[in-house]
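Residues annotated as ATP binding site in Swiss-Prot: 38, 39, 40, 41, 42, 43, 44, 45.
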């Protein structure tokens, strides 16, 4: 148990993307999980990479758990920070993912310089694995979210995760995978949409300190992303 002062300021880590930082009142909030969801190729991984580089430029170490096949070439193209501050775990299964989350939690306990944990993407293996035991999958889902929430709160660092989407068969809307279980654990949720002109719109759909519905536009570029009106 920790005693918390209400006068303690909110810690925020800049993402390195000006319009997104403005949207979030200064950056990713410490102590909580922020979820970014959107269709494939919408820019979720780009935001994760740039946010990681921004944290490192602020003197913080980053743990990055990758299930998407992070491109080293792309990472080095967008990152001009000291990559010795970057710890990458590539995971290949749901069990791998849980082990990586536990390792990240222990590392954050030992090293005060760790300032961000990224998981891209959280739902990849939950979506792909075919298990007959639905309750066991739900329990694992909850356990991993609990571990991430705990390390974020204890160390007052942002945890950034990405999520896949699915189409609701009843109304055709695109929703983040995991439904209520994921939504309940998130204190901040951002949706990225592709625009017909190639730009991306990022919208706050849930946040404990930012008005829902506010949005910004950006475009993916060779060396990162650029904000656009």
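Positions of Cβ are set from backbone N, Cα and C atoms, glycine also.
Feature map: annotations from Swiss-Prot on the structure.
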residue: 38; record: ATP binding site; Cβ within 10 Å: 24
residue: 39; record: ATP binding site; Cβ within 10 Å: 13
residue: 40; record: ATP binding site; Cβ within 10 Å: 11
residue: 41; record: ATP binding site; Cβ within 10 Å: 12
residue: 42; record: ATP binding site; Cβ within 10 Å: 21
residue: 43; record: ATP binding site; Cβ within 10 Å: 22
residue: 44; record: ATP binding site; Cβ within 10 Å: 26
residue: 45; record: ATP binding site; Cβ within 10 Å: 22
Residues close to ATP site centre defined by 38, 39, 40, 41, 42, 43, 44, 45, Cβ within 8 Å: 162, 192, 194
Reduced DSSP assignment, residue 38 (ATP binding site): strand
